[in-house]
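Please read the structure below before turning to the comments.
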2 protein chains.
Amino acid sequence: MIIVHTIQEIRKYVREQRAKGHTIGFVPTMGYLHDGHLSLLRAAKAQCETVVMSIFVNPLQFGPNEDFERYPRDLERDAKMAEQAGCHIIFAPDVNEMYPRSKGSVLTRVEVDEVTVQLCGASRPGHFRGVATVVSKLFNIVQPDQAFFGMKDAQQVAVLQTMVDDLNIPVEIVPCPILREVDGLAMSSRNVFLSADERQQALVLHASLQMAERMVADGVRDVVQLKQAIREQIQTAPLADIDYVEILNFRDLSPIMTIDQPALLALAVRFGQTRLIDNIVLKIR
Amino acid sequence: MIIVHTIQEIRKYVREQRAKGHTIGFVPTMGYLHDGHLSLLRAAKAQCETVVMSIFVNPLQFGPNEDFERYPRDLERDAKMAEQAGCHIIFAPDVNEMYPRSKGSVLTRVEVDEVTVQLCGASRPGHFRGVATVVSKLFNIVQPDQAFFGMKDAQQVAVLQTMVDDLNIPVEIVPCPILREVDGLAMSSRNVFLSADERQQALVLHASLQMAERMVADGVRDVVQLKQAIREQIQTAPLADIDYVEILNFRDLSPIMTIDQPALLALAVRFGQTRLIDNIVLKIR
């Protein structure tokens, strides 16, 4: 496996792979890999001949009071894990390579409406503008056939699918399932920040998603009732500070009152300094 | 020469040309061609093996009170002219093909800052958002090596160059000189709207640009003085209604007080219902 840091190098590499007739699978990440990321690499490896991963902690998608500075970084560790999962090349640019105008700034932005209004789009103003802009750039740099994203960031997948559709970007977005620890906590690079107590209490997230799934299986259809039950369940954990609990149309993330088609139940909850997200798609049998 | 109307058809055509090892030159237009457009086709033909022209009157770049509905359209006439100038294929989609969500709307927009603040960006709010968004789409659909734009829309060239740089779009923007009628009027699809009187008085635009050029050659460097002289010259035409007369840094369209490096002198003037633009780059010998 190779690691490159410049746009010129990754473009040259991809051009060479293309010349061999290889298809390109792309896994954009912010690094500090966990099994969730590795599952994306394996999915890419299964479908494409060349697997490219980017590692870039994108300042544009962090708010001024968010955790850009303390976001965990360890390229050496990431490289070992990525290689074992079948990655062929890591593109790890620095901020200056991605935003040469001035550190972290850019004159051109990609804005996506409607699917960004709810959930993390509401809690983190500008977040999805930063995501859409950097992913546009990465797609233009790598020019992959397929790009693999985890469903833990379900809204991110919806935003990027909307962007790709609207701008006719010739890349297929491939959503991949959430990976969980054995006790049910969704894998996240931020889990490393949790104290032992927070880590234990964070299990309430997956438990509340499972409870909602059971309620729907038992015939509950009312969104207000479901959200109330989930909130109460989460609040049994004293360290949990709810950012949002939302149930939206899975297709376009529009508000719904009743579960009558696939719905996204998404939640964001703080434990101490650490904000965790999780979700499940509620379906009627 | 072929005419296609769908994204699928133009993509298939370009793919076939690529498979033959052809480079792709692209000329995006709103149609109703004049010699200016044809000069872009000839420039594309001189540099690329396959020449693609798009004809699409893009509703997204027209304001609510602008001339989207009455903008001149004549595909049959355009096709004959384009073929003679060496065009290989015209991509002429309808609004629904480009904006399938709902007529003329789109959830994803490309926004460019700073270079859009002055000139037409100030007079036509949202105009360059519409231009950047549709050109992003067209670039993603056609995936050309080079794209050719006339310098009459000098700010458009600056906006698209900024967009291409910032988003790492793998397309080279090739600016081409303004073409003029024998009497000096810059060629424009909108010239057809001018009455005989308006057409005659519109010559004041080129005359005022030439006057400014002479003043700079004679040693005038003060931007306020130059702008005042140009305004007075334009106002000798009773039908002229000035939208703007601006002199800006040619590189980044920032305001300047003195001509000490290449400067863009740009103007927009209404004659009756018709808004004309013209410009010249002022250089010190």
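Cβ coordinates are placed from backbone N, Cα and C, and glycine is handled just like the others.
Note that TrEMBL annotation is computational and uncurated.
What TrEMBL says about this protein:
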ACT_SITE  B:HIS37  active site, proton donor
BINDING   B:30-37, B:150-153, B:LEU179, B:187-190  ATP binding site
BINDING   B:GLN61  beta-alanine binding site
BINDING   B:GLN61, B:GLN156  (R)-pantoate binding site
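On the structure: features taken from TrEMBL.
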residue	record	DSSP (3 states)
B:MET30	ATP binding site	coil
B:GLY36	ATP binding site	helix
B:GLN61	beta-alanine binding site	helix
B:MET151	ATP binding site	helix
B:GLN156	(R)-pantoate binding site	helix
B:LEU179	ATP binding site	coil
B:SER189	ATP binding site	helix
Can you tell which of B:GLN61, B:GLN156, B:SER189 has the most other C-beta atoms within 10 Å, given these are the binding-site residues?
B:GLN156
Please list residues from the chain of B:LEU179 (ATP binding site) whose Cβ is under 8 angstroms from its Cβ, counting only those at least six apart in sequence.
B:HIS34, B:ASP35, B:GLY36, B:SER39, B:GLY150, B:ALA186, B:MET187
Among the binding-site residues B:LEU33, B:MET151, whose Cβ has the fewest other Cβ atoms within 10 Å?
B:MET151
Near B:HIS37 (active site, proton donor), which residues of its own chain have a C-beta under 8 A away, given they sit six or more steps off in sequence?
B:VAL27, B:THR29, B:MET53, B:MET81, B:ALA82, B:GLY150
Find the shortest Cα-Cα separation between B:GLN156 ((R)-pantoate binding site) and the binding-site residues B:LEU33, B:GLN61, B:SER189, and name the residue that gives it.
B:GLN61
Within 10 angstroms of the C-beta of B:MET30 (ATP binding site), what count of other C-beta atoms is obtained when all protein chains are considered?
19
